[in-house]
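Engineer: What follows is a structure written as structure tokens; I'll ask about it next.
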Amino acid sequence: MKETWSFLDTFEPNFRPLVVIELAKGTKKETIEWFTKRIVDKKADGGAQLLIKPLVTENGDENIYLVGASHLRLLLGAETVGLVKECNDNSMRSFTYSSRKTFKDFADDNHNFLTMSECQYIVKHELENLRARDEKMIPGYPQAKLYPGKSIVRRLLTNGILLQIFPLHDREELKKLRHTWYGRVKIGYQPLDEIRSYFGETIALYFGFLEYFTFALIPMAIIGIPYYVFAWEDYDKYVMFATFNLLWSTVILEVWKRICAVMTYRWGTLLMKRQFEEPRPGFHGALGVNPVTGREEPVYSSIKRQLRIYLVSVPFVCLCLYFSLYVMMIYFDLEQWALDYHEEDKSTFSSLMLYVPSIIYAVVIEIMNRIYRYAAEFLTSWENHRLESSYQNHLVLKVLVFNFLNCFASLFYIAFVLFDMKLLRQSLATLLITSQILNQFAESLLPYWLQKRHVKKMKKHIHSPKTDMDLSLVEQINLEKEMCTYFGTFDDYLELFLQFGYVSLFSCVYPLAAVFAVLNNVTEIYSDALKMCRVYKRPFAEPTANIGVWQLAFETMSVISVVTNCILIGMSPQVNALFPDSKMDLVLTVALVEVALGISFKQCISNTLSINHMERRIKQIKE
């Protein structure tokens, strides 16, 4: 007989806090009582059927609450969200409570069957699905309107009543993870399964991609070092390196697809059904009826949204692109000034001055990228997209278009307008190295230093008459609630995307680009691991089957790099010598090679991976 929610009891003798809820100070008592009641009420009564306890502090404030759930409640929640787990026959299936005995490592007394991150994901899902029934407003706040089906948590967040919800760290598990992840300097793979178990699939896939991309850069780096040493001043010899670069950028992304699928299948997210996507918290509009769900919710005209996009956002992005090109031309004026100064002076100082314009331009690029990011976020929010996926796609498109032009336009101009390979090498080296240094400082070192200062300050002010265990919990929560919030992997993937562009587009004229990229990524792995464990709040786990829209972004860059390297090969004296009479034949030949290589190599890699997969499956069947 199928179990139902009605038999669950909210009593749990060993309460385990999973999620922290912080309400605004001075929140009205009737609001707190209504909200906490809805959290503990049975599902049949419209509640979440979870456990909640206030965090008692020295000053008596009760604006922080700890949320947990009974073991049985979490198992039924795992079925609701569609978690995929491994069965005793080594197959992967969606977990169901009725067939729980068929799943590997399941036992009624095994509370570790679900990882802590999975438990926190279930609690978050249930909290976000607390919906208004017959309430017209949040009790105590007439301005916070409600309607049937509206998410209560999202309304509390948008009205500033609920300040934040975040998952609590497991100090013992975090200590083990830190030791195996970055606690000691070693050469080896990251503990991706442990990262996934603690932070979820989205974070684990980012670190998996970072690790894979770093290893994929090693062949480029190995070839680049002798190439740089023996032929770096002879720019006519870049043809072989450009050819290898062209093949490399095509192959590595096809291999990653296979590696990603293998990992996500093992983790159970490749087969996980997508949940129905709810409207994003910032979405607003007149109250109407959703034709799909039949629920009342805000509706907004798609025509109005399209007008905002094409009449405001697109012109603004074009204006920013024009400003980026204008700054680029100022950079070339500075380059000419530095060159003229060097020609007149011919000193060591004047030689160093040749690098100053590139360094200034690299810093300006980083500043412009960060300012534009805030403007792009504001514009995308103003466009009022209903779904989070639509919001993210429009934001990524805006940011990538600007960042691509801002970072690479000068390199294209130098290569294909000025035909100055020496300046191209200098500019590429300066832009790559400067951007890596600035990103390491802004994303890791600065937040870590600020967090250490904050932790010292907080420890001086935290006092409690409770036992050591209570003191540790109170201190932990007070420290974690003041930590920076991790807003996702967007900036991390963007940094890798730009690095991939620097290496794949023009590294044939500066073969050490891959070497610096490898060195940066090794330190990036440790610094990102440090900030995930020590600087930011623990993020909620988000199941995912791939790296999303970033796969398309990297593939697009790969196509552009194929075109760029083919043109560079076509520009070389060696290839030009083969077509002394007709440049049109040269152009057609280069274009034909681009298309043939793009199709043949992707097909070859795809077939190879399919054959390897079939061989492994046959071996498994035989065993």
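Residue positions begin at 1 at the first shown residue.
Cβ coordinates come from backbone N, Cα and C, glycine included.
Residues or ranges marked as domain 'Anoctamin transmembrane' in TrEMBL: 195-596. Residues annotated as transmembrane segment in TrEMBL: 203-232, 238-256, 309-332, 352-372, 395-416, 428-450, 496-519, 549-572.
What does the local environment look like for each feature on the list?
Structural biologist: Beyond the ends of the transmembrane segment (309-332), by six or more residues, the same chain brings 357-358, 360-361, 364, 368, 372, 375-376, 379-380, 382-383, 394, 398, 401-402, 405-406, 409-410, 413 to within a C-beta distance below 8 angstroms of the stretch.
Residues 320, 324, 327-328, 331, 334-335, 337-339, 341-342, 399, 402-403, 406-407, 410, 426-427, 430-431, 434-435, 438-439 of the same chain lie 6 or more positions beyond the ends of the transmembrane segment (352-372) yet place their CB under 8 Å from a CB of it.
Using a Cβ-Cβ cut-off under 8 Å and counting only residues 6 or more beyond its ends in the same chain, the transmembrane segment (395-416) has close neighbours at 313, 317, 320-321, 324-325, 328, 331-332, 361, 365, 368-369, 372-373, 376-377, 379-380, 423-424, 427-428, 431, 435, 490, 494, 497-498, 501-502, 505-506, 509, 549-550, 553, 564, 567-568.
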Engineer: Short question: which residues 6 or more past the ends of the transmembrane segment (203-232) have a Cβ under 8 Å from it?
Structural biologist: 189-190, 192-193, 195-196, 238, 241, 244-245, 248, 252, 255-256, 259-260, 263-264, 267, 425, 489, 492-493, 496, 500, 503, 507, 510-515, 517-518, 521-522, 524-525, 528-529, 532, 539, 541, 544, 546-547
